[in-house]
Amino acid sequence: MAQDNFSQVTEFILVGLSNTRELQLLFFTLFLLAYIMVLLGNLLIIVTVRTDPKLFSPMYFLLCNLSFIDICYTSVTIPRVLVALFSGHKAIAFEGCMAQLFFLHFVGSSEMFLLTVMAFDRYTAICRPLHYTAIMARGACWALVAACWLGGFTHSIVQTVLMLQLPFCGPNTIHSYFCDVPPIVRLACTDTALIEWLMASNSGLISLGCFLVLLASYALILAKVRARLSQGHWKALSTCASHVMVVTLLFMPCIFTYLRPAGALPTSKYVCVIYTIFSPMMNPLIYTLRSSEVKESMWRLWKR
């Protein structure tokens, strides 16, 4: 690589959500409360599932992994945002920015794959109940979770390698509150058209593909439920409807953000709040409060 292609930028400046001190304090309070809810809610799910033998099933095994991913996912961005909002220090080292980008896409894409696996689990349980135990055996569940993490790692390493190929010689102001592909690509001192399309086909197609698979699985569940009007199946339909709502909140902003070249339209940093903070905060509520088994287990754990 030629000398002029090496990065001259040693740090980036994260603009954040607002430069007004009053709004910064408001965002600090809201983000701190959201982070506490994510930590407490998901840790409670993990402890409940791990300590109650009655929750020893593939669905709750996957739910436990989703809770762990949500903790990791929010921990990549929110603590750094809280420090910046409280102290006013908005600079982040180049290496730290690349590390944040890597772990954000690593954990985020792993969550997308895991949500797709969870939809497959629900489809198998409702549409093929006689074969459920054989299909979703313990070994198969571990293999599916491992595949989710491997897929997330592969996706993230590709994104990070593409980013490291770009020269950055200034400006260094990122118009967001965390390091991500679209706002950083715009700062590159070279023609990024090809890189933008490669990144869009990587992140965007993963988001769109997983979302379409999720919708297809829930559509098949709906068709199955309509043919059987028992109370249990209608309860399953209600649960699936809430799951669709949550995954839509996660996937639609991601599709809007990544399924296009970074320079096509500016990405609203407020849209990013939906899939980096709001959606992980909703997961514990949607996936547990609608499950009587989990609520009963939590109550028994509380009494102990």
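Even glycines carry a Cβ here, placed using N, Cα and C.
On a predicted model such as this, the values are computed, not experimentally measured, just so you know.
The annotation domain 'G-protein coupled receptors family 1 profile' is assigned in TrEMBL to 41-287.
Per TrEMBL, transmembrane segment is recorded for 25-47 (among others).
What TrEMBL records for 59-78 (among others) is transmembrane segment.
The transmembrane segment feature in TrEMBL is assigned to 98-120 (among others).
Residues 58, 61-62, 65, 102-111, 113-114, 117, 202-203, 206 of the same chain, all 6+ positions outside the transmembrane segment (140-158), place their C-beta atoms under 8 angstroms from a C-beta of that stretch. Annotated transmembrane segment per TrEMBL: 140-158 (among others), in sequence order.
The transmembrane segment annotation in TrEMBL covers 204-225 (among others).
Under the heading transmembrane segment, TrEMBL lists 237-258 (among others). Through the fold, the transmembrane segment (237-258) approaches residues 108, 111-112, 115, 118-119, 122, 180-182, 199-200, 203-204, 207-208, 210-211, 214-215, 218, 221-222, 225, 267, 271-272, 274-275, 278-279, 282-283, 286-287, 290-291 of its own chain, all at least 6 residues removed from its boundaries and within a Cβ separation under 8 Å.
If one looks beyond the transmembrane segment (270-289) by at least 6 residues along the same chain, the residues whose Cβ comes under 8 Å of a Cβ in the stretch are 17, 31, 34-35, 37-38, 41-42, 44-45, 63, 66-67, 70, 73-74, 77-78, 108, 176-178, 180, 242-243, 245-246, 249-250, 253-254, 256-257, 295, 298. Marked as transmembrane segment by TrEMBL: 270-289 (among others).
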